[in-house]
Amino acid sequence: MMKSLFIASTMVLMAFPAFAESTTVKMYEALPTGPGKEVGTVVISEAPGGLHFKVNMEKLTPGYHGFHVHENPSCAPGEKDGKIVPALAAGGHYDPGNTHHHLGPEGDGHMGDLPRLSANADGKVSETVVAPHLKKLAEIKQRSLMVHVGGDNYSDKPEPLGGGGARFACGVIE
């Protein structure tokens, strides 16, 4: 009897995998004065095949937008070449291997390169993208998420860092 109970209990536990860690990141407009209005959320969760980023955002222009994990846990503006740049305090793309290459989510460059987002005609994004090189949420805690104004070609040519342009929205990964 005891052996049957043990086997049954083990089977039940195996049927329900351990809950993976997840966190919700609030995304705010990146403005020269600092974070603006909330424009959506990104739920990051651990899953087989890499971290999953469930994006629900609005107020973007229709089309593709670069999406990255940035180095620092800040969305504050900063000064570059005498000009105030929104969310500059977030730093550059997360690149723990110091590759200095922007090769996309499948490449061997920045670990923070995520699949680009696609906003519909109403400027909304509701999709889940996977970062195959990022396995644990702990790898990116105390960093930031960034959505750029334009698309991303995952190359440093003809424009640096994929040509995504200005920083549109930013959120800190707690």
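We number each residue from 1, going along the chain as drawn.
Glycine too: its Cβ is placed from the backbone N, Cα and C atoms.
Feature annotations, courtesy of Swiss-Prot:
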SIGNAL    1-20  signal peptide
BINDING   His68, His70, His93, His148  Cu cation binding site
DISULFID  Cys75-Cys170  disulfide bond
BINDING   His93, His102, His110, Asp113  Zn(2+) binding site
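Shown here: features listed in Swiss-Prot, placed on the structure.
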residue : record                 : DSSP class
His68   : Cu cation binding site : strand
Cys75   : disulfide bond         : coil
His93   : Cu cation binding site : strand
Asp113  : Zn(2+) binding site    : strand
His148  : Cu cation binding site : strand
Cys170  : disulfide bond         : strand
When the Cα of His93 (Cu cation binding site) is compared with the Cα of each of the recorded positions Cys75, Asp113, Cys170, which one is closest?
Asp113
What is the nearest of the recorded positions Cys75, Asp113, Cys170 to His148 (Cu cation binding site), using the Cα of each?
Cys170
Could you give the Cα-Cα distance between His68 (Cu cation binding site) and Asp113 (Zn(2+) binding site), in whole Å?
5
